[in-house]
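Feature annotations, reproduced from TrEMBL:
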- 41-210: domain 'Phosphoadenosine phosphosulphate reductase' (DOMAIN)
- C121, C122, C204, C207: [4Fe-4S] cluster binding site (BINDING)
- C226: active site, nucleophile (ACT_SITE)
Amino acid sequence: MSLISDNPATAAPADLVLPDLEAASAAEVVAWALDEFHPGIALACSFQKEEAVLLDLVFEARPDARVFALDTGLLFDQTYDLWKQVEERYSTTIERWQGPTLAEQAARHGDKLWATNPSQCCGIRKVEPLRRGLSTLDAWVTGIRRDQSPARAGAAKVEWDDQFGLVKVNPLADWSDKDVWREIAKRDLPYNPLHDQGYASIGCVPCTRPGEGREGRWAGSDKVECGLHQEDA
Ligand code: SF4
């Protein structure tokens, strides 16, 4: 199925019919999505525990599945180490989607933009590279779960993404934290060691602190999302 159109509008195509896969397992959702959209589909990998599971499901379904990561240049060393480990384990190359260099950003917007205007920094380093990359795809797979935050509570397993104009597949939408850890143990999967140091959610070094749920992200501010799964909040 090709959904790419010349129209940059993000409304769903009038003839788009998405299946109701709410009762399907994560593996079934992944298999359906790759069958339907590959090579126009990729897994968004932020190297958190959810992606540990999704990477395994995706490569189980298709060894040539596509995976991308947004490299802000500010990820933890542990995250970059895991990146290499994942590439070796699955004999794959994760597509690196990037914004401007940190030096270019500093020259244009001042040093440490994350401290003065984190929304602009996320926009430049995450949202714009994501928008560019997703504009070449028909669908993306994400690790979002409904219990992660109120903003994610309404996520369906398969839905239209109005923000970026493509199908969004959330195979773990109904999983709990425990479900994820149980699957990691069952499959003996590599995961980000920062989780063992109290980081429930892991992003860029300057904006991530240990904490439950997403409380460690942009701690001390009202910001809770990068703008990848909803407009910046
Ligand atoms: S998480 Fe922080 S450092 Fe990373 S892109 Fe957003 S504001 Fe910038």
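Backbone N, Cα and C define each Cβ position, glycine as well.
Predicted automatically and left uncurated, TrEMBL annotations should be read as such.
These numbers come from a predicted model, not from an experiment.
All features noted in TrEMBL, drawn onto the structure.
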residue : record                        : Cβ neighbours (10 Å)
C121    : [4Fe-4S] cluster binding site : 23
C122    : [4Fe-4S] cluster binding site : 26
C204    : [4Fe-4S] cluster binding site : 22
C207    : [4Fe-4S] cluster binding site : 20
For the domain 'Phosphoadenosine phosphosulphate reductase' (41-210), the mean pLDDT of the predicted model: 96
C121 ([4Fe-4S] cluster binding site) - helix vs strand vs coil (DSSP): helix
Coarse DSSP state, helix versus strand versus coil, of C207 ([4Fe-4S] cluster binding site): helix
